[in-house]
Amino acid sequence: MSANAATGLGGDVRGALAVAPFRKLWTALCFASMGDWLGLLALTAYAQSLSDGSYRGANAAVAGVFLLRLAPAMVLGPLAGVVADRLDRRWTMVASCAVRVVVIATIPLVGQLWWLYVATLLVESASLFFIPAKEATVPNLVPRERLEAANQLNLAGTYGSAPVAAVLFVGLSLLAEALHAADTGSSFSAATAALWVNAATFLVAAVVIARLTEIPPRPTAEPGSEPSAWRLLVDGWRYVAATPVVRGLVFAMLGAFAAGGAVIGLGRTYVTDLGAGDAGYGLLFFAVFAGLALGMFFGPRLLPGFSRRRLLCLAIVLAGAALAVLALSPSIVLSVLLTVLLGGFAGTSWVTAYTLIGLEVDDAVRGRVFASLNVMLRVVLVAVLALAPLLAAAIGRRDVRPGGGVTWTLPGAAITLLVAGLLAVLLGSVSFRTMDDRRGVRVTDDLVASLRGRRLREVDDDARAAGFFLVLEGGEGAGKSTQAAALAEWIRARGHEVVVSREPGGTPVGGRVREIVLDPATGALVPEAEALLYAADRAQHVGTVVRPALERGAVVISDRYVDSSLAYQGAGRQLLVDDVARLSRWATGGLVPDLTVVLDLPAAVGAERRRVRDGGAGDRLEAEPDDFHDRVRRSFLELAAAAPQRYLVVDASQSAEQVTEQLCQRLCGVLPLSERERTEQEAARLAQARVIADQRREAEERRRAEAAQRRTEAAERRQADQERRAAAAQEAQRAAAVAAAARTAAEQRARAEAERAAEQLAAAQALERAAAAERAAAEQEAADRRAAEQRAADERAAVERAAAERRAADERAVEERAAEQRPGPADEPGDLDPDRTVALAPVVHPDPAPTVERPRSAVDPAPTLDLTDELLSWGEPAGDGEAGR
């Protein structure tokens, strides 16, 4: 961004962004604003998806969302501001964002329409506490000379984030449609995703603001009383009602807001009727704000020489026409283009209206007018946003049959938008009649000339820059001369040069014309001749008296002017009023009074006053019948009604003092300041500026003193904290030393106990090893003994087997010898050969294998004898049993 662009917002933008705390706060506010706009889109789309599916149900659901978003401000607005002034501003903003995060996150989780309404109410209520805390915080973060730029940045962030939110919503909608078209089975919804993103933006804002410790906790001064919304509405409306120009401005702005509110309130249903879906809704939303931005920036620049009043009314008429065409659009593409056009006209009217209010409204009441205007605009917006969807739901779909077998189906949203557009056109036209400041110049000619870079001559260009032209009109006997004298005295007392004149007769030439047209001796004059004579007098009067006085800055009071010709010659003589007006414009060069006072009086009352004053004698016009004067009176009133911003109608039947008082009250608001008044005002302004400077200096000194006091208190707190931390550190060190000593003693005890335990364990292990060794030795000894016994048993078995075999052999041998010795059957015992010798082998009993006897221990088991031992031990003495083993 270039330096020129950086300062193009009307202030030092770079300087404001150079303040780190404000830059961080502005970033958080941009996130929150984008989330707020995204939430608006998501809530309306989600509400329609949660409705019963009918046309009326969908419109009613959207109307409920808008009503609940705007209604809390009418009740809680002033209260929230007062509460926010009494709480810590930083934590007020953090708490507001946190509440919105939690509540918005629950909307898709609950998924019920009733909870969406409750959540909308809670979110908007939380926002009411966020906004005043934010507005009160910004002046504390930036220097005074950069406050304007900071406020403009806040507005840019607030409204500039709307197109970003719209683009994001369009992207989410296209993603959801792509997933559904791919038949992925995903339940992804643009509205649900937008709500989650909305909650995330508020979470980011809460985190950023929570870390901004530079935000002061509360106001340094006692907050003033906050007027209620109703009080602002009443005070501002009183001024608006009493000032025709401002009244026309307000009506124009209300018309523009009503048209814009209808688009916003019915946008979701309108897009659905076109079959565009969420993506089309986001695109239409983007188009509205893109058009607003273009209109605010380029609208006044395209027509620099065009009347601002005319530009305002023309922009509203064109916005209404664009809305009416938009209502009949059959395509979303055409609708988007028309919406950009509509937004451009609305943006032009918005910035022009605010500029005019700043110029037209007196500084003393400008703040109340703006506050009242904001309240009225909010009321109108709430009403339109709530009623437009309901009206569309009540209308439903209608079939229009223009003929020829053609049937045109119009949804209720389209019909409502059409009515809103026509209403905006009507309000713009009415405001134009009230506010037009270039009468006599056709709008088309003026517009074409402005587009070509030149300006048509305005009816009062030559005089408006200096003096003030006041005209007194009325019927005969209304008291114009009396009021002219009284007003001249009152205006001179204010320091103005006053020139009092009259028509006809304000110049020497005019005096002779007056004799001709008013002297009954003149006789009958044709109406055209009479009109020309009055025009001649008027031309001389303007050229020699009025214009020179206005050019030198004087206040000119004229008893009668152009309107008298329109009333007397036009209505009274029944000439064509346009011809008389054209003649008078040519004669005066288009000079129009700044204010025309019509002293209204019934013709009969005027005639009675003339009889009392003149004794019944009268001039040519006064001698006319009552119906003539009645036509004149009606003509004056019609002229005043056609341009109320330039006229003041006063009941002339009142006393002269009462009439003068009313005229002075009106002149206070329109009469320019005299040189003396400017000097006095400048002196008062300087004095006020000095007082304000002194107050600011005192406030700055108080702020500095309070800041110094806070710094001192903070330093004392820091010192106390340091002392507490040092004491705590010392105590911690002492406790650590005690703990270390305790740990050392415990460790020593533990080591001693461990050593004792180790010794005991070693002793136990030694005993265990000894016992194990003894057991092992005993087991080895038992094993050896068992092995020896087994060997002995084996040896005995072998010996026994050998002995048994020997015995068996001996027995066989014995048996064989016995058999040999027995005689055979033929032998007798006496037949034995006496020489035969029988040898008997001795029977040898082998000795058992010797055994080594060990000493028997107490645990040795008793010897076990088997059958072999018993057999081998036969014949041995009992006492030799042990030795024989």
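Just so it is clear, glycine is given a Cβ too, placed from its N, Cα and C backbone atoms.
According to TrEMBL, the features are:
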type     : residues                                                       : note
BINDING  : Gly474, Gly475, Glu476, Gly477, Ala478, Gly479, Lys480, Ser481 : ATP binding site
COMPBIAS : 702-726                                                        : compositional bias 'Basic and acidic residues'
COMPBIAS : 776-820                                                        : compositional bias 'Basic and acidic residues'
DOMAIN   : 472-662                                                        : domain 'Thymidylate kinase-like'
REGION   : 702-731                                                        : region 'Disordered'
REGION   : 775-885                                                        : region 'Disordered'
TRANSMEM : 25-48                                                          : transmembrane segment
TRANSMEM : 60-84                                                          : transmembrane segment
TRANSMEM : 91-108                                                         : transmembrane segment
TRANSMEM : 114-133                                                        : transmembrane segment
TRANSMEM : 153-176                                                        : transmembrane segment
TRANSMEM : 188-210                                                        : transmembrane segment
TRANSMEM : 248-267                                                        : transmembrane segment
TRANSMEM : 279-299                                                        : transmembrane segment
TRANSMEM : 311-328                                                        : transmembrane segment
TRANSMEM : 334-357                                                        : transmembrane segment
TRANSMEM : 369-396                                                        : transmembrane segment
TRANSMEM : 408-432                                                        : transmembrane segment
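Projection of TrEMBL feature records onto the structure.
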residue : record           : Cβ within 10 Å
Gly474  : ATP binding site : 26
Gly475  : ATP binding site : 28
Glu476  : ATP binding site : 20
Gly477  : ATP binding site : 23
Ala478  : ATP binding site : 25
Gly479  : ATP binding site : 22
Lys480  : ATP binding site : 22
Ser481  : ATP binding site : 12
Handout entry: Distal contacts, the transmembrane segment (334-357) - CB-CB under 8 A, six or more residues away
Key = 245-246, 249, 252-253, 256, 259-260, 263, 270, 274, 283-284, 287-300, 308-309, 311-312, 315-316, 318-319, 322-323, 325-326, 366, 369-370, 373
Practice task
Establish whether the number of Cβ pairs under 8 Å between the transmembrane segment (153-176) and the transmembrane segment (188-210) reaches at least three, counting only pairs separated by 6 or more residues.
Solution key: yes
Practice task
Tally Cβ pairs under 8 Å between the transmembrane segment (188-210) and each listed stretch (25-48, 248-267, 279-299, 408-432), then give the stretch with the top tally.
Solution key: 25-48
Fill in the blank from the handout: Ser481 (ATP binding site), DSSP three-state class -> helix
Fill in the blank from the handout: Simplified DSSP label at Gly475 (ATP binding site) comes out coil
Practice task
Determine which residues of this chain, when Gly474, Gly475, Glu476, Gly477, Ala478, Gly479, Lys480, Ser481 are set aside, have a Cβ within 8 Å of the centroid of the ATP site's Cβ atoms, and list them as they appear in the sequence.
Solution key: Leu599, Leu601, Gly606, Arg609, Ala652
Exercise for the section: Spell out yes or no: are there three or more C-beta pairs under 8 angstroms between the transmembrane segment (279-299) and the transmembrane segment (25-48), with each pair 6 or more apart in sequence? Expected result: yes
Exercise for the section: Could you pull out which residues elsewhere in the chain have a CB under 8 Å from any CB of the transmembrane segment (91-108), counting only those six or more residues past its ends? Expected result: 32, 39, 43, 46, 84, 115-116, 119, 122-123, 126-127, 129-130, 133-134, 137, 192, 195-196, 198-199, 202-203, 205-206, 209-210
Problem - Folded-back contacts onto the transmembrane segment (25-48), same chain, C-beta under 8 angstroms, at least six residues removed - result: 17, 58, 61-62, 64-66, 69, 97, 104, 107-108, 113, 116, 120, 123, 127, 130, 134, 137-138, 141, 150, 153-154, 157-159, 161-162, 164-166, 168-169, 190-192, 194-195, 197-202, 204-205, 208-209, 212, 215, 267-269, 272, 278, 281-282, 285
